[in-house]
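Colleague: The structure's right below; bear with me while I get my questions together.
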Amino acid sequence: MNIVFLGTSAGVPTKTRNVTGLAVREERGNGWYLVDCGEGTQHQILHTNLSINALQAIFITHIHGDHCYGLPGILASAAMNGRKAPLKIMAPSGVREWVEATQQHTQLYLPYEIEFVCTDDLPSVEFRKVRVETVALSHRVPSYAYCFTEKDINPRLDVEKLERHNIPRGPHWGQLQKGQDVELNGKLIHCEDYLLYDKNPQKIIVAGDNDQPELLAQISHGASVLVHEATYTKDLVEKSGNSYGHSYAELVATFAEQVNIPNLVLTHFSPRYQANPNLSPSIVDIYQEAKAHYSGNLFLANDLDEYQLNKAGELKKL
């Protein structure tokens, strides 16, 4: 799978960074998934080879405007581009009502069906090539992470390991082979611990605004990539005495190190961090703070950056 960053600024756009938007592209074909849709996202898409008609679904992490104000525009543009295929939108409470009110008051007609899925119930949704799970985060409003996991790569059960760990034959084995975690004698059994693949399934976590990265601990099992906000550095949070529901670089990096995620991409930077390393505060401060606490592959996202996750689980910037 590939990741394309459409916007990497927090709150407001800057001259070089739009507000939040990100595309997860399927490994084969032109299908893709949009996570968040800040104002101007559809304009950013014009600078890529992403097709609105190939968009499989939209995921909104939370209802703050820098993550969703571009949604009505992209829906309207899809209609004007002749889209007929249904479109699934996964979003928290309030987004559906807002979109439908916008349709009504602006007389926006969509010639395709929209299926809204409320993330408040933490759904897991199956698409043709990926499974997407939802995790609740900690922010000033309900906020969520979405975990994209490849499907259909024909896993085999590690029978010898199952027997060695005294996991009895039966329905549990079938659930594990289908990629489902199971509970046995009060203990959670992770399917990834007992599956063998000719190729490891790719697993990418894209988190919304969040001041408690540890909430992602369980879903991080077996993940190759974590995309997480690092709005601030630690010193700025300590000086202000308030993180406003956001993470700082050290907090995210320390978590990623603890759960052994091999690739970490930071995004959603406060506009106060300058691109020029000679100015203060600088975006370099965020990188250096994170690097001091994380030994894996660390990236700071820029608008229109594209990253490819290869079969070995290595993330490379294209």
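The backbone N, Cα and C atoms fix where each Cβ goes, and this holds for glycine too.
Keep in mind that what you see is a predicted model, and the values were worked out from it rather than measured.
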Colleague: Asp66, His67, Asp209 bind Zn(2+) 2 according to TrEMBL; which of His165, His268 goes with them?
Modeller: His268
Colleague: Looking at TrEMBL, His62, His64, Asp209 are annotated for Zn(2+) 1. Which of His105, His139 sits in that same site?
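Modeller: According to TrEMBL, the candidate sharing the Zn(2+) 1 site with His62, His64, Asp209 is His139.
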Colleague: For Asp209 (Zn(2+) 1 binding site), list the number of other Cβ atoms lying within 10 Å of its Cβ atom.
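Modeller: A 10 Å sphere around the Cβ of Asp209 (Zn(2+) 1 binding site) contains 27 other Cβ atoms.
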Colleague: Tell me, how many other CB atoms lie within 10 A of the CB of His139 (Zn(2+) 1 binding site), whichever protein chain they belong to?
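Modeller: Neighbour count, Cβ to Cβ under the 10 Å cut-off: 21.
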Colleague: Using a 10 Å cut-off, grab the number of neighbouring Cβ atoms around the Cβ of Asp66 (Zn(2+) 2 binding site), all chains included.
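Modeller: That number is 22.
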Colleague: What is the separation, in Å, between the Cα atoms of His268 (Zn(2+) 2 binding site) and Asp209 (Zn(2+) 1 binding site)?
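Modeller: For His268 (Zn(2+) 2 binding site) versus Asp209 (Zn(2+) 1 binding site), the Cα atoms are 9 Å apart.
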Colleague: So for His268 (Zn(2+) 2 binding site), how many other CB atoms are inside 10 Å of its CB?
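Modeller: If we count other Cβ atoms within 10 Å of His268 (Zn(2+) 2 binding site), we arrive at 28.
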Colleague: Considering the binding-site residues His62, His64, His67, which residue's Cβ sits among the greatest number of other Cβ atoms within 10 Å?
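Modeller: For the binding-site residues His62, His64, His67, the Cβ with the most other Cβ atoms within 10 Å is His67.
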